[in-house]
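Student: Pulled from TrEMBL, these are the listed features:
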{"type": "COMPBIAS", "residues": "697-712", "note": "compositional bias 'Polar residues'"}
{"type": "COMPBIAS", "residues": "963-978", "note": "compositional bias 'Acidic residues'"}
{"type": "DOMAIN", "residues": "55-117", "note": "domain 'Tudor'"}
{"type": "DOMAIN", "residues": "272-334", "note": "domain 'Tudor'"}
{"type": "DOMAIN", "residues": "823-880", "note": "domain 'Tudor'"}
{"type": "DOMAIN", "residues": "1060-1121", "note": "domain 'Tudor'"}
{"type": "REGION", "residues": "686-733", "note": "region 'Disordered'"}
{"type": "REGION", "residues": "955-978", "note": "region 'Disordered'"}
């Protein structure tokens, strides 16, 4: 039983407060009746006649006006007043208790039915057992206390029709608090201007209820000299730091996320905070999140605020009462996560009794990054610790850093040493590691004995952070000397964009912006425009890419735009790859392993060899070192050793050092020949000669089911290869890897090179690879609206990457000066230079004055580029496109097309790698597929579950165009196949055979054949279908009583079984706007397989999509009240289906309007709608040729 039932209280809403001796309430139990009354008043007021001679004490319909709304209400004329220009009338609103002075234009006559309904406002007086003389402004403070809270009334007495009551509100401890007690006990002169600011509700009498809402303190047991991984949660000063156990971070994140969802979706009320109770608090924080578990420390009545402590973070915040909610029981299971610690063996500088702000600011950087730290317990009582930044070779002591920065003084050895050797760094790679690890471990054996120039003391080495390793030619780094500025910039970005987020309708390429990436605001640059207002953004401060909708991209202010980058491009200078022009995969992997294992990296900019100048213009030539600490023996210091990364690659045989050479300027032809030579596998001197024919027993590689011969001579001529690529049907596997390399090898002369394609001979790219398997794995390239996909079969993806790399090598060093001015035309083939440094095969699809629209044929996506990003030369014209277009099978939109939210959900669910099952014939032009994630989840089905507009059932609308064969291929056959007779299931299926009871429809008024009657359009279901109701039909008391019974007793009715749901079946359903249950009828079941159906609320005409668990069975007695609304078909037809949506929108404008109705046919009901002048309501659309009119 609910605790409020024990007190015999009633849930109420306070509608008007004049004083504590006179205020008005409405009972929540009458909410349904009041809602019905307002609806009928609103409908009737539109046709009600004006009041000519107002009379005292008479009831009228009156326009009630506030700053926020205007509404028609029942009001009693209580006084005549003389206005400056016209007579005025004081009106008492009987359903609210308030008064207002209006002129005669705001008065309307009222019907007897509306007049006879009892007033909903009940006059009350606050219970005052102590006979206190309330302050004249006390009612203002009472209004503040109950604002936003669920209010309950306890009746004490009734005197002269005035209810003497006590008002109760929920308190944060799970009980209820009396408003009377608050006002009596807070101060001697209640709510006067001199009230004590420290007024508290901690000692108020509370209605005694036991509460299970309690969060237990953290029970983690710490042992002296043991280490733990922690995250800084809050910093007060070095002796008061709150940390969280890092292993619990995910559990806390799940609780916080669940709280956000729970309190956003639930209609929860705020409560009176009580000191010492646990609550949920809304307080938006860029790092901590929005909703938090908190303990109320102090309550201020006069300011309606409370001081709370976040038990998972340790910080104290003052919040308004309206931000406080009762803590749900499911959020109490996780122990509080904030643990208070004290940094050991440090004290404030001499002469200071307290810690400086600088000390707190220094430690706040660890909170801002949320980087896990190592915590070593020095003492457990008091709990004193040392915090360390974790590196692979050494740990950096935070306690000692404070001393080094002269923010603290040391009182022990721990805070005197900054770098502590990490014993794990001496451990090599495990025996289970691969070849690269074994080679690196072998090379590391001589690190301490190496007497090379690695440790040259004359070289100034800067500490750097390696962000991302692509190859020795491209390493993204940060300089540690700039980290403080970067952190300051990061902090300013969070503060500025947390408050101000200016957006734009469109963006240009290379334009700077700011986006929310991983819950932080980060600078970025627009690199590509995608369909549906999506943009691809280079988050250059993180070396990442993100795709954002235009509404999620913010304008980068001039201040942030001029701030320097925090990430720089660098490369290992003066070394070259051994054995060729490209770095081997093993060398790249080795470099990544080095930087992955060692975190203390140093670097310096070096002078470059002449041949390194082209690379130096793109990135910084550097010499880099990683460090290792050699532990000293007794009375010996530890030795830090610098190991050269450049030299390491040379010693391992992956690179050679470049000897200085005089600068030479090569002619354009020489440069072109030298560029072509490595790509075509011939030397620069032999570019004009035919390549040597390889041996027949060459090495081969197998990817999936496609055999890729690395070095086999071509056994087909060009025409045969082109024919094979265009006509592949799956019977013979075409070796596309061979074809890629074949074009490279056939560089017998510059003119015959595959890179100098003759435009006249090539009109278009070869169509995509045909899909020849019913099931395969694929890379998902592009997701389009309406469920279309571009994908690349897994076995072909590695072939594409090989081709892409060759194209990049050819075009990489071409400068704008080498590009020929060319007037582009639609349909021309091209090569696209992308901002990501890659080059793609493309085709021109559109041209504007400043940009060209191109399609990347290997991705299926279109892009807006500048003309100087296009090359006329094209490569690999004989290779088909690597993007095959398919469509999701049986994913249909209910409203005729996908919504933008459907497409956004599709993008979020679409995996990068998927299993594809083709459901249609392989010969069809657009294959229909089911897509599965690596976990086996069916994306088609998941999409229809997440998107109410999408369904697996094809529309069964009779107006749908298409022949009978198409319909038989759809949902009808599937339904027929699934309904098989089974004698054992006869009992279960019996309900489907029993005819449902039908509603009794109230007959239309009798009329002559040409007579028109006034009716109100209460709903528009389609362009030719409306719901009408006689204008004089006002809900009877019986209907209002029926509605109240349905709402109060709906929980007693069983939920309709999904298998029993049929079109036209009566039921009761919950209406989403007011949460009240009404009589309804199943209207559409095309989304039944996804748990949604459309219902028609028979008494009010609304149509809404509801879940099947919100459909309950009707009681027999609920059919007794006849239905007064009628579904009518308009006698009109569309001349063409293209204008259906436009006509529908025009007909929808008739909603809630009163029109003249001429009945053409009663069964089924078919009508015409007329204006007052006798013209058809849709005559303008008939004249424009959109509609034709039928006579019957």
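Note: Cβ is positioned from N, Cα and C throughout, glycine not excepted.
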Student: Taking all residues of the domain 'Tudor' (272-334) together, what is their mean pLDDT?
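Tutor: So the average pLDDT across the domain 'Tudor' (272-334) works out to 87.
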Student: What are the helix, strand and coil residue counts for the domain 'Tudor' (1060-1121) according to DSSP?
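Tutor: In the domain 'Tudor' (1060-1121), the DSSP-based counts are 11 helix, 25 strand, 26 coil.
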Student: In the domain 'Tudor' (823-880), how many residues does DSSP put in helix, strand and coil?
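Tutor: Within the domain 'Tudor' (823-880) the tally stands at 3 helix, 26 strand, 29 coil.
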Student: Residue counts in helix (H, G, I), strand (E, B) and coil for the domain 'Tudor' (272-334), per DSSP?
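Tutor: Taking the domain 'Tudor' (272-334) as a whole: 6 helix, 35 strand, 22 coil.
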Student: Across the domain 'Tudor' (55-117), what are the DSSP residue counts per state (helix, strand, coil)?
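Tutor: Helix, strand and coil residues of the domain 'Tudor' (55-117) number 8 helix, 33 strand, 22 coil.
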